[in-house]
Amino acid sequence: MSNIIVLPLIVPVITAILLVFLRENIVLQRMISLMTLGFVILTSIVLLIEIQAQGVMRLDFSGWAPPFGILFVADSFAVLLVLIANIVASICVLFAIYTIGSHFEKMYFYSFVLLMVAGVNGSFLTGDIFNLFVCFEVMLLASYALISLGGDKVQLREALKYVLINVVASWIFLVALAFLYGTVGTLNMAHIALRVMEAGADPLITTVALLFLIVFSLKAGLLLFFWLPGSYSVPPTAIAALFAALLTKVGIYALVRSFTLLFVNNVEVTHMVLGIMAGVTMIAGCIGAISSKDVRTIAAYNVLIGVGFIVAGLAIGTESSLQGVVYYLMHDMVAKALLFLAVGLMIFLTGETLIDNMSGLIRNYPAFGWIFFITMCSLAGIPPLSGFLGKVLIGQGAIEGGHFVLLGLGFLSSLFVLYSLLRILLGSFFGETIISLEDEKPLKGRVLMPLILLTVCTVGLGVGAQWLAPYVLDAGQTLYTPSIYIDAVLDGGVNR
Amino acid sequence: MESLILLLVGVLVAVATYLILSRQLLRVILGTAVLSHAAHLLILTMGGLKKGDVPLLGESDGPYTDALPQALILTAIVISFAVTAFVLVLGYRVYKTNGTGNFDELRGRPDE
């Protein structure tokens with residue numbers, strides 16, 4: 001039964017390779033990639049139910065017992081993220097089918113998307129920190145190809161910067177891995193956690209922890225986000241939405257995993273640094289979001305505010321705030337994909353990127369206008385949409401833990417999110433209609449369909465919170481009590 | 001021996017940093033390649049250089065050399081090879097489309 005843990009990684013890889021041979025047959029490519037993602041969604045639902053029944057599951061590859069071999073570990077947190085990531089990815093692929101054009105589709109677009117999804121799923125599920133590095137690289141190489149696909153002048157330029165930043169970040173990852181292996185002598189995450197706990201507040205381990213913090217912050221866009229607005233605004237809409245929804249979230253997942261499981265030995269230092277970085281990210285994101293008039297830039301800075309808010313929840317580190325982190329991560333994937341698709345659609349419809357040059361879109365495209373309104377409410381955290389519960393839980397945790405500065409910054413940032421998106425709504429959707437009925441580009445229902453599906457997701461995540469609650473509670477509990485994870489991996493203890 | 005290799009790692013990192021901070025595209029790419037070599041050497045050194053026998057039970061009574069860092073490096077070398085190849089091609093395309101390999105001119109203007 002535990003063999004199904006590997007399916008979210010292996011099935012997309014196999015179909016991605018298969019699609020390379022089906023280059024000319026675009027229809028078949030579309031169908032296979034949607035079916036693959038659908039299959040992964042089903043697998044992760046089965047896994048979720050199974051985890052509820054029998055606790056954290058693991059798969060030792062080739063039967064090498066931990067801590068010696070590479071293994072996959074499925075706990076509720078990882079599988080929930082796999083589930084949402086694949087739902088969002090399939091919706092983005094659906095959007096790409098109608099919008100991206102055959103020259104992208106013939107250049108192995110679907111293969112790269114599936115490889116990236118495979119890397120994302122692998123990163124969520126792996127229980128070995130070197131394997132995490134490998135999955136990161138799988139995901140990143142596919143994203144390098146996706147960001148430079150199309151080959152515009154600006155796009156290639158930004159792609160080069162994105163690639164170079166990530167190469168250097170991967171180098172820091174390797175260095176941190178080397179020091180970690182030299183210090184604790186193991187790469188199995190549960191075993192590392194055990195050894196770090198035995199070592200206590202060792203300054204060497206704290207240094208290694210801070211190195212990992214730098215790596216994952218670069219990937220997540222936490223404080224070290226200088227590369228993000230540029231590279232997220234150049235690729236086509238569907239790809240940008242995929243990036244915004246998945247890539248930074250994998251970085252956040254790695255941060256959450258390492259600072260709830262691995263490095264909890266010196267919380268005063270590491271979590272304080274995390275808290276400061278989260279606060280500064282939120283402030284900088286807010287400044288960026290309200291200073292720009294370019295809708296793409298506003299959307300990119302909104303990603304940063306989300307990252308800061310989630311990491312604030314991690315830095316607070318109480319059980320309810322960790323539940324909030326799980327919940328808000330799921331919400332953020334859906335909502336950011338929706339925001340990027342909406343912004344991309346605005347640019348497609350008007351051919352403009354500045355708020356001032358668009359006006360009165362709601363008259364031309366009423367359904368689209370209302371979808372944008374719901375997106376805005378969801379991101380600002382208005383009940384009953386999905387952003388609300390995560391914010392409440394993180395806020396509750398902040399009060400319990402006495403982190404009032406982060407609490408204030410977090411809720412202030414929600415106001416700035418609301419303000420920055422309200423500016424788009426008032427400036428571009430309301431006001432005088434400048435596109436006459438004759439000039440209006442037709443907005444086909446099928447192009448709007450993915451946005452509607454994501455809107456349904458964000459409403460569903462909010463309204464169906466009760467139904468999701470047992471899984472989120474379990475995920476939060478596993479994060480808050482690392483021994484559950486460690487016991488499940490090491491069968492209650494390792495002698496060495 | 002370990003100290004010597006660590007010094008070498010330091011030299012490689014210094015060279016790579018110099019190359020990466022330069023303005024020329026090709027130099028930066030070469031810098032990242034050198035940087036990855038430094039990381040591989042560091043992993044090898046962190047596992048301890050050859051101290052014992054081949055880690056095969058029954059071949060000798062030990063002590064054995066740690067084989068894990070070599071497996072890690074093998075993986076890391078393959079990855080850095082792929083990434084370097086990709087960056088070289090991307091760099092060439094950037095040079096062709098933008099007409100320059102100088103990062104000052106690749107900065108981009110705000111009005112684009």
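One-based numbering along the chain as shown.
Glycine is treated like the rest: Cβ placed from N, Cα and C.
Automatic prediction, not curation, is the source of TrEMBL annotations.
According to TrEMBL, the feature transmembrane segment maps to A:6-22 (among others).
Within its own chain, the transmembrane segment (A:34-57) is flanked in space by residues 1-2, 4-5, 7-8, 11-12, 15, 73-76, 79-80, 82-83, 86-87, 89-90, 93-94, 114, 117, 121, 470-471, 474, 478, 484-485, 488-489, which lie at least six positions past its ends and keep a Cβ under 8 Å from the stretch. Annotation source TrEMBL lists transmembrane segment at A:34-57 (among others).
Within its own chain, the transmembrane segment (A:77-100) is flanked in space by residues 8, 30, 33-34, 37-38, 40-41, 44-45, 47-48, 51, 109-110, 113, 117, 120-121, 124-125, 236-239, 241-242, 245-246, 249, 253, 256, 326, 329-330, 333-334, 337, 341, 348, 444, 446-447, 449-451, 453-454, 457, 471-472, 475-476, 478-479, which lie at least six positions past its ends and keep a Cβ under 8 Å from the stretch. Sequence annotations record features per position, and here TrEMBL assigns transmembrane segment to A:77-100 (among others).
Through the fold, the transmembrane segment (A:107-124) approaches residues 8-10, 12-13, 15-17, 19-20, 23, 29-30, 32-33, 36-37, 40, 78-79, 81-82, 85-86, 89, 92-93, 96, 100, 131-132, 134-143, 145-146, 149, 242, 246-247, 250, 253-254 of its own chain, all at least 6 residues removed from its boundaries and within a Cβ separation under 8 Å. Residues annotated as transmembrane segment in TrEMBL: A:107-124 (among others).
Taken from TrEMBL, the feature domain 'NADH:quinone oxidoreductase/Mrp antiporter transmembrane' covers A:128-416.
The transmembrane segment annotation in TrEMBL covers A:130-150 (among others).
The transmembrane segment annotation in TrEMBL covers A:204-228 (among others).
What TrEMBL lists as transmembrane segment is A:240-263 (among others).
Feature annotation from TrEMBL assigns transmembrane segment to A:269-291 (among others).
According to TrEMBL, the feature transmembrane segment maps to A:298-317 (among others). Packing against the transmembrane segment (A:298-317) from elsewhere in the chain are residues 220-222, 225, 228-229, 232-233, 244, 248, 252, 255-256, 259-260, 267, 271-272, 274-275, 277-282, 284-286, 288-289, 292, 324-325, 328-329, 332, 335-336, 339-340, 343, 379, 390-391, 393-394, 397-398, 401, 403, 406, 409-410, 413-414, 416-417, 420-421, 423-424: each is 6 or more residues past its ends and has a CB under 8 Å from a CB in it.
TrEMBL lists A:367-385 (among others) with the feature transmembrane segment. Counting same-chain residues at least six beyond the ends of the transmembrane segment (A:367-385), those with a Cβ under 8 angstroms from any Cβ of the stretch are 302, 306, 331, 335, 338-339, 342, 345, 349, 361, 391, 414-415, 417-418, 421-422, 424-425, 429, 443, 448, 451-452, 455, 458-459, 461-463.
Taken from TrEMBL, the feature transmembrane segment covers A:405-426 (among others). When Cβ-Cβ distances below 8 Å are used as the criterion, the transmembrane segment (A:405-426) is approached by residues 275, 278-279, 282-283, 285-286, 289-290, 295, 298, 301-302, 305, 308-309, 312, 315-316, 339, 346, 355, 372-373, 375-376, 379-381, 391, 394-395, 398-399 of the same chain, each at least six residues removed from its ends.
Sequence-distant neighbours of the transmembrane segment (A:447-469) (same chain, 6+ residues past either end, Cβ-Cβ under 8 Å): 87-88, 91-92, 94-95, 98-99, 327, 330-331, 334-335, 337-338, 341-342, 345, 367-368, 371, 374-375, 378, 383-389. According to TrEMBL, the feature transmembrane segment maps to A:447-469 (among others).
If you look at the transmembrane segment (A:130-150) against the transmembrane segment (A:240-263), you find at least three C-beta pairs under 8 angstroms, all six or more positions apart, and that counts as contact.
Where the transmembrane segment (A:269-291) meets the stretches A:6-22, A:204-228, A:240-263, the count of C-beta pairs under 8 angstroms peaks at A:204-228.
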